[in-house]
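Participant: Here it is: the structure, laid out below.
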C-alpha cells in the first residue's frame, strides 16, 4: 500500500487515451473501465482517504488488490489554501502496476528540500548538486552490482509519458568529476553537469540493482528549475567611502516560483575571495561597501537573485570606487584607545549600534579590512627595522619566506609597533561586541556573520582574550545553527558557510596560542584585565586570581612576575577552552558537510589562514593513500592497519592544517605548523586507527617559512696540532636536555669535498675509540660519493636514543688515504667495520657545522604534547619534520637550532663554575683541607721532634763507665702522665744502683702515652738484672701527681741485652691500692707472652701507626714517617681512589645493568655478580693500591738527613773525645738491614705525590664535567660514603683484628717497632778503658752519691695525708663538675622547653576565642547555645561571615586576603569543615509511649550509611550542589585524616558526615540554608565538630581550632572550644640548635653514668631518691627525643604539603596537636625533674639538709595518714555524689564531686549552693566534712610534719668539712685569704710528725752507703793498676 500526503484527492484512471476523473469519495464505477478499482470498501472503493488520528485528510491508503496489474495509474493532488482560495497547487504521480519480485528499490533525495515535486518531475536547480540515495526493500541478499544510468529528456512536455529518454553518453568520461557513486547505493550529480548542459532541461537518474536471479530498477525524473530572468541590477552612486550609503536596485525580475532574496557579493581582484555584503528580500535595498583595491580603489560587485526553489541567477553590476574614510576610522581608533565618552557620536558606532545584521556585517567587514591593512603595514615596518618576523607574527599558509634584513634591533621601532598593535587590538575588542548578539535567521545570515568574524579575526596578533572568547562562542553558535539546517540547504550554501567557520576557528586557535608560543606579543589590554580586581571580588581561598602560588616563579613573588604569570595563566585557560570548543566546531561542520559528500567527492577549504579537506572514500581505498596538504604537509597511510569501524561501505577523511601548533605544555613546537588527519564514519564519529610498528604512518610536518636559519659555523681545525696534544678526534659538546624526546641532526660541509670523515658520538661523556678502548654509542663514515648536490654530509640521531640523556659529545676526524681506499673507494662494497687508529692525525681542511634538534609530538585529550609511539624520520630537514606514527591525531614538530658547539679538544663546553659547582667545590674544599692538615702536621712534627732523644741522667758520675739505656713507657689512660719527681733503684745480681732521679732539663717527661729514654752510668756491670724499685714524690699538682706506668725496658749498651719490667699499674695515692712506690721484677718470657701485655703494646701502635688517616693525629713520635708525609700519602690515596672510581663509574653501572641478562652471572637474590663486575672491582683496587703502597713505602724507607742516632748523640755529649777502636770491638752479629733511600729522595717523593694529586684533580674535574652536576653529585655521594665508612669502621676493625690475629698466632714479644727510634740493633759500642776522659777525673768523695736530704721519699703517714687531701680534691672537683654539669643541663632544658613555647600563644588563643565564640552578642553567643535552631543561627549569621575576609571599614576590597578570616590577621589553611556524628535509631525498651529511641553515642551505634539529601534513601529529583550531596555521605577517618576526639560526654570517632566550607561566600550561605532546610542536624545528631587550621603570618603561628557541640540525648547542647597554637619551626635560632645537640650528648652522658651506677649498686640503686629523679630525667628526655623526631616527621609532612600548595589545601593538625601535647608533657616533666635535681646540688646547706631529713623521717607516717585520709575522703565523695548528683552541677559526676571536695578542703568552696540544694542535709554534710577533714585530718597531717621536723633538727649533724675545704681552696686560689701562722705551723707539725724516723731505721741505708764506698774504692784501684800495667810501671 502507498501513502501520499494530500488535501484533496482526485483519482484519474488512464486506459488508452480515455481519462475520467473520479474523486476518492465518489462511489461510481468507471464506465470505460469498470475493473479499474476492482475492490471497493466502505464507500465503495479500495482507497481509504485520511486517518482520523494521525493525519486527517492528508493521506491516501491503497488496499492490496485494488489496482490491476499491467495498468498505469496517475494520482493527482490538488491543494487549495483555506484562507485564500486563489492560492492553489497541483501535484502528479504516475504509478505503473506490475508483477514484481520481492526486491523493491526506493529512491529519494538526500536533501529533501532540493527535490521539489513538479507534477511527475522533481524541480532541479542547475546551480546545485543532486544527491540521491536508494533503499532496497525486501530480500536484498545476493546483490551483485549496483549501477546508475543517467538519461536526458528530449521533450519539454510536462508529462513524462511523452518524454523520450536518451542515455547520457559521457557518464564514464566524467565519472568522479560530474558524477560520484555510480556503482554505489548513493549517487551525486554535481552542478557542473547541469551548468555544462544548459540545453538539457529534463534528466532521469535510474538505479539498477542486479541480483543473482533478478534485476530491480527505480528512477527519479528531474526538470530544470529555470532561474529568475528578465531583470537587471544597478548601483547608485558609483563611488564613495565606507560610510557612504549605496542603493542597489534590481527591477523586473520574474520567476514562476517567486523571488526569495537578493544577495550582494563584493571582491577586489580575486573573485574566489568574494565576500557577502548584504542580503534582502526586496529588489531595492541600501548597503555600505568596503574599500576597493589599494591601487585603483575599484570594488567589483555581483548580485545573486534567488527564487523560492533555490535557483540562482548571477548579475554583475558596475564596479564602484570605494575609499576608506580615514578621518572617521582614526577618530574611532583614538576614541576607543582613549576610552572617550563621546565615542557614541562616531558615525560608525551609530551604524554598529543599529542591530541590523546587514549594517553591522557591512561595517565590521569594512573596518576589519582597513584594520588588517594597517596591521600589515605595521608588521612590515617592524620587520624592516630588524624585528624578527617569527617573534611578532605567524606567517600565513602557503606564504613565502620574508626577506628579513639582518640589522640590529631597533628598540624604538619595537615600542612603536607595540603601541600600534595594542591600539588596533583595542578597536577589535570594541567591535566584536556588536556582532555577537545578532539574530541567526537563514544560511545567508550564517555566511554574512561568519564572514564578518573571519575579517575581524584575520590579524591574529591583535585579538584579546575577550575578543577570542566572544568570537569562539559566536562561531560555535553559528556552527550549531548550520548543523540544525544542514538537511534543508544546498551543498553550496553549506560549503560556503563551513569554509568561513573553519577559517574563523583556525584564526582564534592561532590567536590564543600565539602569545603562549612566543610568536606574538602579549597585549596590554589582556595584561591589565588579568590583573584588575573584579567587581564581585570574593576572598575565596580557591579563587585562581588570588592564588599567588599559581603565578610565582619559585620564590619570586614580585609584582611584575605575578602579573606576567597571571596573564599567562588565563591565556592557558582560554587556550584549553578554545581548543575544546574548536574541536566541537569542527565536528559540527564536518557533520554538516558529510551528508552532501559521496564516495570520491571532497570539499576543500584552502585559505591563507587554514586548510581543511573533507573527503569521502571507501575503506579499501584507504590503503597506501597519500593525503596531501599545503606546504608539502602530507600523510602517507600504510597498506596494513587496524580500523575500528562498524561500517563496511565508506568513511570520511578530514585533513586539517593550522599555521601554528597549540602551546600544550611544550614550547619547542612554536615554529611548527599543526597538521591533523581524522577518519570519520557515516554517523559522524571518529574512528580509531592503528598502524603496525614496522609499517607506520609517514607524516611530513612543515615549519614556519620565516624561521631564521643561521649560517653554518666554521670549525678552524687546521690550526690544531693533534700530534702535540695526542688527539685522535676533534670533540664537540652539545646540550640535549629536554622534557620530551628530541632528535639531533648534523650537517657538515667540508671545504674540501674530496675528504672523508669518521664521526663518533656518546651520550653524557666523551667518546673514545682506539685499539684498546671502544667507548662509543654510535658512528658513521662520511665518504665523498655520498655527498648531495649541496656538498653537505648529513647525519641524525632519532628521538628514541636521546631520552634520559642531558648531553651529547661527538668527535670528527679525517680519514687518511689508506682508510679512504679501504672504506670509501669501492662504492659497491663498503667496509662496515670501524677504522681504528692510535696515531693522531692533523686536519688538512676546515669544515662547517650546523646542528639542530627536532621532534615529533601529538596532542592528547588534555591538550598536552606527547611523543609516545612517534619516531623522527630521516627525511627531516631544516624546513620540515618527518614523523613515523602508529595512530592519527593532531601532530606538530619540534625545532631548535643549537648554538655553535664548543671544541672539546682544549676547553670544556660547560666548564662553567655554576654548571659544575659540585666537582669544583669538592676539589677546592679537599685541597683546602689538605693545606690545613699539612700546616697542622708540620706543627705537630716539630713538637714530636722535641720529644725525641736520649737523656743522660743528671746524677751520672763521670767516673762511671758502664752504661744502661732505660726506656720508660707511660700509659694512655686519662691523667696517666705525671709532674712528680720519679726515683728508681736498679738492682742486679752483681750490684745495684743508688737512688737515681729521672730528670730532663730540656723537655717535659712522663707525658701521657710518652716514651722517655735515659742513659744511666754505673761503675760496673750490675750483672743479670733482678728488679727495679721505682716511686715518685707526689709533688705534682692535683691529677698531675699520679702516674700510670706501662712497662720499662733496660738495655745494656755493652752487651745490647734487654730486660723488661712490666707494671701496668697506677702510682697514685687515690688510685687502686693507693701506692706510689713499687718494685718491678724482671719479666719472664711467659709474662711477656701474656695476651693483655702484648695487646697493650700492639693495639695502640697498630692504630696510631698502621691507620694512615689516624696516624696524622696520633703518630708515634719515635717513628721516622712524619705526619706531613703521612698527610701527603693520605691525599694521594684519596685522590687516586676518587680518580679510579670516577673513571670506572659508568663501567660499573653498565656491568650492573648487563649482569641481569648476562648468561654467566651468578644470581644471589636481587644481586648479580658478573665477570665484568669482578674484573672492574679488581682493577679499581689494584690501581688504587699500587700507587699508594709505593708512595707510602718510598716515604718510609727514606733515611733521615741526620745520621747520628739519638743514643750515640747522648753518649757523645757524655764523652765528647771518645774514639772508636775497631780492633778491640766486640764482634756483634748484626741484622741484615732493609733497603733504604738517601735523604734527598724525599724531594722526589713529594714531587711524585704532587704530580699524582694534580693529575687526579684534573681528570676528576674533566670527568665531573662530562657527568654533569647531577650525576657528579650521585658519584660524590657514593665516594664519600665509601670513604668515611672505610676510614671510620672498616680500616680500624681490620687493623685491630689483624693485631689480635698476630698476637694469637704470630706472637713476638721481642718486636719493638715503637722503640725503633731509641733502640737500634745495629748499634755496636766499643767502650774501652783507655778513654781519654777517664784520666781526667775530678776528685770526689768516696760517698759521692746524691745526698739523702734531696730525696723526697714519702712514708706511710705522708701518703695517708696526701691521699686524704687528694680524695678531698677529687670530691671537690666532682662536686664542682656535678654542679656545673647540672647547671648547664638545667639551662639547656629551660632553653629547649621554653623555646618550644610561643610567647604569642596566649594572645592568639584569647583573640580567636573572643572572635569565634562571639560572647558579647547574646543572639550569637556560641557558649550559650542550647537548641538546634540557635546553633543554626550562630552558624549562618556569625561563623560563615567570620571565616571570610569582608570589606574594610572604608568599603575597600580586601585584596590579596583570600583565605583570611574577617579579622584580617589569620589565614585559613585550606578550608573549614563541619562534621557530624549520628546514631542509629533503636527500639525503645518501653514502647508504650514511643517506639523509636535515640540513645547516647557509642562506637557500636554510630551511623555510617550513605543517604540522599534529607536523610532519605530514595533518590530525589531536586537538584543540590555537590557539597550538599556529599554532606549526607559518610566519610571514614582515613579519608578525612582525622582521629578520635575525647569530648565532655563521650569519645567520638574521626569519621562522620562532612560539609566543607568551600567556594564563594554566597555559595556557602546558600548551601548552609539548604542543609538547614534538609534538617542536616536533627534528633539523631550527637556531635558536631567544626575544625579549621589557621596560620598567623605575623607571628608565624599555626592554630588548630576545634569547636565541638555535643547533642545530649536528654536534650540541650553542650559546646566546647579548643584552640591549640603550634609553631612548627624546628630551630628558630642557632642557639636552639646547639642547645638541642648538647642536650642529646648530656643525656647520653647521664645514661652511661647511671648504667655504671646500676651495675655497681644493683638493687640499692633504685632505693635512692635521687636515682629515681635521675631516671625520670633520662626517661622523659629519651621520650621527648623520640616524640620530637615524630613531631619532626609530622612537621616535614605538613611543611612539604604546605610548600607544595602554599596553604591552598585543607591540612588537619589533629595528629600534630596530639604529638605536640605529648612533647610538651615530656618536656614539662623533664624541666620539673631537672629543677628538683638542683636541690641535691645544695645538699650542704643546712636548711636543705633539714628539709630532706624531715621528709625521710615522716615518710612512713605520711603513708599511713594518706591511707586513712583516702578512706575518709572516698566516704564523703560517695555521700555528696549520691545526695546531690541531680541538684548540683558540681556533683554531676564523681570527678566533679572530688574537685568540689578538694576546694572545700582548702576552704575555697562556699556553703550557699550546698545549703540551697537541701535545707537539712546540705548544712549537715558540709559541717561534718569540715570537722572531720579540715579540722581533724589536717591537724593530724601538720602534727606528723611538725614531729618529724623536730626529730630531724635534734639529730642534725654538722657536715661542713667538705664545704670548708672547698671554701679554703677557693679563698687561697683567689688570694682573698692567706694562711695564718697558726695554720702554717699546724701543717708543719703534721709534716714533722710524719717525717720523724727512729735512728735504727736509718741503719740499713748507712750500711748501704758504706758498702758502696768500699766498692767504689776497689773499682778505682783496679782501674789504676790496669793503667799502670799498660804503662809498664
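Every residue number used here counts from 1 along the chain in the order it is shown.
Cβ coordinates are placed from backbone N, Cα and C, and glycine is handled just like the others.
All annotation found in TrEMBL is predicted automatically rather than curated by experts.
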Participant: In TrEMBL, which of 1585-1612, 1753-1780, 1781-1808 is labelled transmembrane segment?
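Facilitator: The listed stretch tagged transmembrane segment in TrEMBL is 1753-1780.
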Participant: Of the ranges 1530-1555, 1556-1581, 1816-1841, which one does TrEMBL flag as transmembrane segment?
Facilitator: 1816-1841
Participant: Among the residue ranges 1207-1231, 1282-1306, 1307-1331, I'd like the one that TrEMBL describes as transmembrane segment.
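Facilitator: It is 1282-1306 that TrEMBL annotates as transmembrane segment.
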Participant: Of 1462-1485, 1486-1509, 1630-1653, which span is tagged transmembrane segment by TrEMBL?
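Facilitator: Transmembrane segment, as annotated by TrEMBL, spans 1630-1653.
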Participant: Which one of 1086-1107, 1152-1173, 1174-1195, 1350-1371 shows up in TrEMBL as transmembrane segment?
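Facilitator: Going through 1086-1107, 1152-1173, 1174-1195, 1350-1371 one by one, TrEMBL gives transmembrane segment for 1174-1195.
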Participant: Specify the count of other C-beta atoms within 10 Å of the C-beta of residue 1493 (disulfide bond).
Facilitator: 15
Participant: Using Cβ atoms only, state whether the transmembrane segment (1239-1262) and the transmembrane segment (1753-1780) have three or more pairs under 8 Å that are 6 or more apart in sequence.
Facilitator: no
Participant: Do at least three C-beta pairs under 8 angstroms join the transmembrane segment (1706-1732) to the transmembrane segment (1375-1394), pairs 6 or more apart in sequence?
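Facilitator: Yes, since the transmembrane segment (1706-1732) and the transmembrane segment (1375-1394) share at least 3 Cβ pairs closer than 8 Å, they count as touching.
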Participant: In the same chain, which residue numbers or ranges, 6 or more beyond the ends of the transmembrane segment (1630-1653), come under 8 angstroms Cβ to Cβ?
Facilitator: 1381, 1384-1385, 1388-1389, 1391-1392, 1395, 1661, 1667, 1670-1671, 1673-1674, 1677-1678, 1681
Participant: Sequence-remote contacts (6 or more beyond its ends) of the transmembrane segment (1665-1686), Cβ cut-off under 8 Å?
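Facilitator: Residues packing against the transmembrane segment (1665-1686) from afar: 1639-1640, 1643, 1646-1647, 1650, 1653, 1715, 1718-1719, 1722-1723, 1725-1726, 1729-1730, 1732-1733, 1736.
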Participant: Who are the chain neighbours of the transmembrane segment (1753-1780) in space, where the CB to CB distance is under 8 Å and they lie at least 6 residues beyond its ends?
Facilitator: 1787, 1790, 1793-1794, 1796-1797, 1810, 1813-1814, 1817-1818, 1821, 1824-1825, 1828-1829, 1833, 1836-1837, 1840-1841, 1843-1844, 1847-1848
